[in-house]
Amino acid sequence: MACQFFLNVLVVALTAIHLSDEHKMLTRAQAVVGHNASSPKMENHERNTSANLGRKSLVMRFKRQAYRDSNYPRTIWSDGPVPFTIDSRLPKHARSIVLKSVAFWRDNTCIDFAFNGRGRNSIAFIRGKGCYSSIGRVWYARSQALSVGQECEHSPNYRIMHFLQFHTITHELAHALGIFHTQSRTDRDRYVTIISGNAEHSQRSNFIAESSRVSENYGIPYEYGSVMHYRNHEFSVNNYPTVVARDPLHRQTMGSGTGPSFLDVLLVNKHYNCLDRCKKYNTSCVNGGYPHPRRCDYCMCPSGFGGRFCETKVALLQRIINAFP
């Protein structure tokens, strides 16, 4: 138990120092509410492109595009299980983390997935250059890429690296499900200061706040520790911060690398209307919990609480242990 405790503490500490994100392909955070395919807004060098990976149309719609709510809900996966494939060139441990990340979003939301399943659209986990994903379902393409490149892979021999990779791939999969970055919320200026002058020039568009016309917060509070939040030195060219929390207590906890949070899961559940599944139940959750969309007579609980209705306080040590995927 003592060894487990120190290992877990070490993981939490190291994830705050080194989080493998999307290798210069990151962008903004909130829920996507559509994309105007007839007149897409393009920024910097990103563009719609295709890759020949055994499919007629594998589209990588990068995240630096303007989204229009006129196409929601076509930008969410609402036609049954989300079909996905995994590139056979991915190492065994990377394939394992992909499946674990898929299982996480499946088990904690109402979204189903189907490995090698059939459908009008699918997600292809590829061995690309870096870590990146489109935001939301690219409804006009047969398949869309989610890259698990070398820059987001870690040694399978270290549990700490394994944990960081889980964080990264659940982050990318959240993008594919329709989630932007937290520090690009429309209300972000109340919580963080962006110093884009410290960022790589080619990445400065990634620090632009989204318009309320193209994104939705669903009333969820701003969260510094979200799996979708940048670290304070993300893309820095001079080792000075690019994102500074207005609350000094959170300046070292942004993008802390502990995997999807309670609020991250709630955002996806709201974006996919998963909470509607439990409307006919009279489940009384306490302490901020809500009915689990896969088992409506039980509650999903925020950090620090457990039990069927979130009525039980969970000790700090147990919370750290539970954080491991």
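Backbone N, Cα and C atoms are what each Cβ position is placed from, and that goes for glycine too.
Taken verbatim from TrEMBL:
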- 1-22: signal peptide (SIGNAL)
- 65-279: domain 'Peptidase M12A' (DOMAIN)
- His171, His175, His181: Zn(2+) binding site (BINDING)
- Glu172: active site (ACT_SITE)
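Counting every protein chain shown, 29 other Cβ atoms lie within 10 Å of the Cβ of His171 (Zn(2+) binding site). In this structure, His181 (Zn(2+) binding site) is part of a beta strand by DSSP. Cβ neighbour density within 10 Å is lowest for His175 among the binding-site residues His175, His181. Secondary structure from DSSP puts His175 (Zn(2+) binding site) in a helix. For the pair formed by His181 (Zn(2+) binding site) and the residue listed as 'active site', distance between Cα atoms is given as 11 Å, rounded to the nearest Å. Across all of the domain 'Peptidase M12A' (65-279), the predicted model scores a mean pLDDT of 88.
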